Amino acid sequence: MRSDEVKKGFDRTPHRSLLRATGLKDEDFDKPFIGVANSFIELIPGHFFLDKVSAIIKEEIRANGCVPFEFNTIGVDDGIAMGHDGMLFSLPSRELIANSIETVMNAHKLDAMIAIPNCDKIVPGMIMGALRVNVPTIFVSGGPMQKGYTKDGTPIDLATAFEAVGKFEAGDISEEQLKDIECNACPSGGSCSGMFTANSMNTLMEAMGIALPGNGTILALTPQREVLYRQAARRICEIAKDKASREKYKLKNILNENAVKNAFAVDMAMGGSSNTVLHMLAISKEAGVNFELKDINAISKRVSHIAKISPSLSTVHMEDINKAGGVNAVMKEMTKRGNDILADNLTISGETVLEKIKDAYIKDTNIIHTIDNPYSQVGGLAILYGNLAEQGAVIKTAGITGSRVFTGTAVCFDGQPEAIKGIVSGKVKAGNVVVIRYEGPKGGPGMQEMLAPTSLIMGMGLGSSVALITDGRFSGATRGASIGHVSPEAAEGGMIGLLKDGDEIHIDVDQYILSVNLSDEEIAKRKADFKPLKKPLNSSWLGQYRALVTNASSGAVLKTDL
């Protein structure tokens, strides 16, 4: 066992002495050591109960002949960090989480791991760190939140709360209605109830085979969720106690190229958050998989969009997907379009993908559509290219309700705060393309989410007549014609930084085009005169991050070959 490096032999006497101080006995030194990577934090609705989850998992690990060691990562709640400079720290926290997993697991030579994420950057951060360690790992998330209801019985969620601010600003709802939404949008613990970033990633872990079935959809704080926690604990012990299994189920043997492609395929079928693109590119790099942004459109063309979930369809939430058959039912239906839609990859459960889904079926075709009645014949995400995004940009096509072709005039803002002021003051009109720049990984730094501006646009009734492009990113709760991750970003001299108010911008989602109607001569002239804005910083960590981070087309990973 890997842990023998710290617990076997006379020269490890001091190591065992330290471990005995934590409560270990003689017999424990012959058992596998299991890391329990928790992300308990009282600030986050999806994480404040994870101390109880880890207690259940550790109890089950002990009962199955292994020794659990719990440690914790940090966590940032994107909703609470939204709309102020706290959001600068959200994406960088992914790297800190990955580094902390790698550090603890390797410093103490643990044999296997159960990771307990749930929200936002914590899920991809844990996956990235676990890939560096490459021991058998099962991810078991806290679980999704219940949807809320207003006093009149309308289903709501966090996206409703953000959009309600714009409606209140526009005079469309009263302060009493705003308060009703505030008090009922998030009624329980769990990851926010729609197909936002957290639940998108928790779902994709099922698709990749690194989490057990139900991980993305079984509600938090329910007896069914506890069953899942205990199943995961028993399974990791089965693997850790067997030498051949410890080798067979190393994380990189599960999370390989086929797993990445399966994840993107399920992402397309379910219309996941655009943040999944950023995170899956980063995960691919850690897995040693050669997968690039340009490969995503090829998958999208082969996968039908068969499940719409909030924010794309405000009445449907993760609990509804669970009742309709869950992720396995979606995956089973996907295979009816072609035998090669999903690769029959090994999963951490011991079954292959096709074995795992063989008995799954759709229980409610109003929630999960059949392959013969899709929302769209192509997937719910697209990558756009053109002179405005030479290295690509991302749009969640599942969130578009109006035309998929848009031409409008630019209204430019150097940062999210300036954009929010401009939108609220009425500077943005129908027919405009809102340009928010210097919010990329380097420019922010930290690549803020633009949920506040997009929610204001939707809430003020401009959602079908205004588009938004940014080198920043979007919350999974964003909907509408919102294009993010524009690369190269403004801070590295990208075309988005050269735009001026009044420039004509053309968007054609079905042709994968994002361009500005300028001559080559005009573009060359602007480039010659251009000096990117560099924002002042008073944060040591963000300064380090800005110096090391790559752009969104590479997953915003940190450079390591300095």
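Glycine residues also receive a Cβ, built from the backbone N, Cα and C atoms like all the rest.
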Inset, instruction - Name the one residue among Asp78, Asp157, Asp172, Asp501 that Swiss-Prot lists for the same Mg(2+) site as Asp120, Lys121, Glu449. - result: Asp78
Legend entry - Mapped DSSP class for Asp78 (Mg(2+) binding site), helix or strand or coil: helix
Inset, instruction - Other than Asp78, Asp120, Lys121, Glu449, which residues of the same chain sit close to Mg(2+)? List them in sequence order, counting a residue when its Cβ is within 8 Å of the Cβ centroid of the site. - result: Val76, Asp77, Ala81, Met87, Ser90, Leu91, Cys119, Thr197, Asn275, Ser475
Legend entry - Cα-proximity to Ser475 (active site, proton acceptor), 10 Å cut-off, over binding-site residues Asp78, Cys119, Asp120, Lys121, Cys192, Glu449: Asp78, Asp120, Glu449
Legend entry - The one of Asp78, Asp120, Glu449 whose CB sees the fewest other CB atoms within 10 Å, among these binding-site residues: Asp78
Inset, instruction - Tally every other Cβ atom lying within 10 Å of the Cβ atom of Cys119 ([2Fe-2S] cluster binding site). - result: 29
Legend entry - Number of Cβ atoms other than its own within 10 Å, given for Lys121 (Mg(2+) binding site): 28
